[in-house]
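Visitor: So Swiss-Prot says this about it:
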BINDING   Lys11, His202, Leu203, Gly204, Asn205, Gly206, Asp277, Leu278, Arg279, Gly325, Ile326, Gly327, Glu328, Asn329  ATP binding site
BINDING   Arg85  substrate binding site
ACT_SITE  Asp142  active site, proton donor/acceptor
SITE      His174  site 'Transition state stabilizer'
SITE      Arg235  site 'Transition state stabilizer'
Amino acid sequence: MAINAGSSSLKFQLLNMPEEELVTKGVVERIGLGDGIFTIEVKGEKVTETFDIPDHAFAVKTLLEKLTSHEIIQSLDEIEGIGHRVVHGGEKFNDSVLITDEVIQGIEECNELAPLHNPANIVGIRAFKEVLPNVPAVAVFDTAFHQTMPESSFLYSLPYDYYKEFGIRKYGFHGTSHKYVSQRAAELLGRPIEQLRLLSCHLGNGASIAAIDGGKSIDTSMGFTPLAGVTMGTRSGNIDPALIPFIMEKTGQTANEVINTLNKKSGLLGVSGFSSDLRDIEEQAGEGNDRAELALEVFTSRIHKYIGSYAARMSGVDAIIFTAGIGENSTVIRERVLRGLEFMGVYWDPSLNQVRGKEAFINYPHSPVKVLVIPTNEEVMIARDTVRLAQ
């Protein structure tokens, strides 16, 4: 079972392994807010119920009860492992790990690096431990895949002591997604991943680019936090750090308020002035809205900077991968990103680029650099690691 616990939500998928076959999936929302929503897929149909879900432990008990009452499983003994998504593993965890009390303590020590996410992930881990104490549980970290980055990639040009004393460095995120699509790309290309130089573009409301050389992440666009890198739905991506005191002075905001603006009111929303949803922006740009068009241009130009930079880092590229909500579904963004990359050996086919939400090659056969659309599947990656470590 793959689990993604948020502060007031719990997403779950039950998979048959090693077939990687989805049995059911669902989400528990509004935990602790008085009007909980429980949604589960039963025989391909969504079943939604509304009732008070006071805490995560209650959510877990309800989930396990529903799995048996809907006859999705006959007995809880069928659950052989639980994989938990954990956002931040810092430098402590460079791979997924079997959860012990020491591991939970290690995750807690990373809380200051991800104050919104890690505590919620721990609550999910503890809730399952309470209800299914004998089922092996595995922590799968968003940051672990990027722990192969060399120091020259992850270090900021700050006093070196800041890194040693406070752990200030680039960590990178979306690692589970980048790992999944890079492995899948190698399968689709029919080549050993050790021989491939891949550019993975995880483009969703949060977005990051990763340079993957020989199956290892050597650089990625997000940084110490997921605020860095390319323009995103509501996040600014990279800005000049001296802007923070300047904005404070001009607007009267505190430092935390400015960070909140950079996280929640910037990006596509900030530039367009009306939406963080790329579908709305594409529609408005098509109707001649200049700010919407500008938002698309800014979004694309930031992605180009990373593609060029990472191609140079790897001395070339064998394939470019598009994944996540925008990468998998936006023909417009893929076209804008790929347009002008012929100098790198990227020749893409506009008719093949019409694909949405499924695996496909969208390059011409003669293109030296292949271009793939691969729907990400972080849950399968979590399940694979759970099987690997729980046996």
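Glycine is treated like the rest: Cβ placed from N, Cα and C.
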Visitor: Grab the ATP binding residues from the record (Lys11, His202, Leu203, Gly204, Asn205, Gly206, Asp277, Leu278, Arg279, Gly325, Ile326, Gly327, Glu328, Asn329) and give me their largest CA-CA distance in Å.
Guide: 24
Visitor: Rounded to the nearest angstrom, how far is the Cα of Asp142 (active site, proton donor/acceptor) from the Cα of His174 (site 'Transition state stabilizer')?
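Guide: That comes out at 5 Å between the alpha carbons.
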Visitor: Taking only same-chain residues 6+ apart in sequence, whose CB is under 8 Å from that of Asn205 (ATP binding site), what do you get?
Guide: Met232, Gly233, Thr234, Ser276, Gly325
Visitor: In angstrom units, rounded to an integer, how far apart are the Cα atoms of Arg279 (ATP binding site) and Arg235 (site 'Transition state stabilizer')?
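Guide: Pair distance, Cα basis, whole Å: 17 Å.
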Visitor: Between the Cα atoms of Leu203 (ATP binding site) and Arg235 (site 'Transition state stabilizer'), what distance do you get, rounded to the nearest Å?
Guide: 13
Visitor: Does anything in the same chain, at least 6 positions from Arg235 (site 'Transition state stabilizer'), have a Cβ under 8 Å from its Cβ, and if so what?
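Guide: Counting only residues 6 or more apart in sequence, the Cβ neighbours of Arg235 (site 'Transition state stabilizer') under 8 Å are Gly206, Pro226, Leu227, Leu262, Asn263, Lys264, Ser266, Gly267.
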Visitor: Using DSSP and three states only, what is Glu328 (ATP binding site)?
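Guide: DSSP assigns Glu328 (ATP binding site) to helix.
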Visitor: Of all the recorded positions given, His174, Arg279, which has the fewest Cβ neighbours within 10 Å once its own Cβ is left out?
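Guide: Minimum Cβ neighbour count within 10 Å, taken over the recorded positions His174, Arg279, occurs at Arg279.
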Visitor: Work out how many Å separate the residue listed as 'substrate binding site' and Lys11 (ATP binding site) at their Cα atoms, rounded off.
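Guide: About 10 Å separates the two Cα atoms.
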Visitor: Give the number of CB atoms, excluding that of Asp277 (ATP binding site) itself, located within 10 Å of its CB.
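Guide: The answer is 16 other Cβ atoms.
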Visitor: Identify which of the recorded positions Asp142, Glu328 has its Cβ surrounded by the largest number of other Cβ atoms within 10 Å, counting every protein chain shown.
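Guide: Counting every other Cβ within 10 Å of each candidate, the maximum falls on Asp142.
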Visitor: Pop the Cα-Cα gap between Asp142 (active site, proton donor/acceptor) and Asp277 (ATP binding site) into the table, whole Å please.
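Guide: Asp277 (ATP binding site) to Asp142 (active site, proton donor/acceptor), Cα-Cα distance: 24 Å.
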Visitor: Measuring Cα to Cα, tell me the gap between Glu328 (ATP binding site) and Asp142 (active site, proton donor/acceptor) in whole angstrom.
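Guide: Taking the Cα atoms only, Glu328 (ATP binding site) lies 20 Å from Asp142 (active site, proton donor/acceptor).
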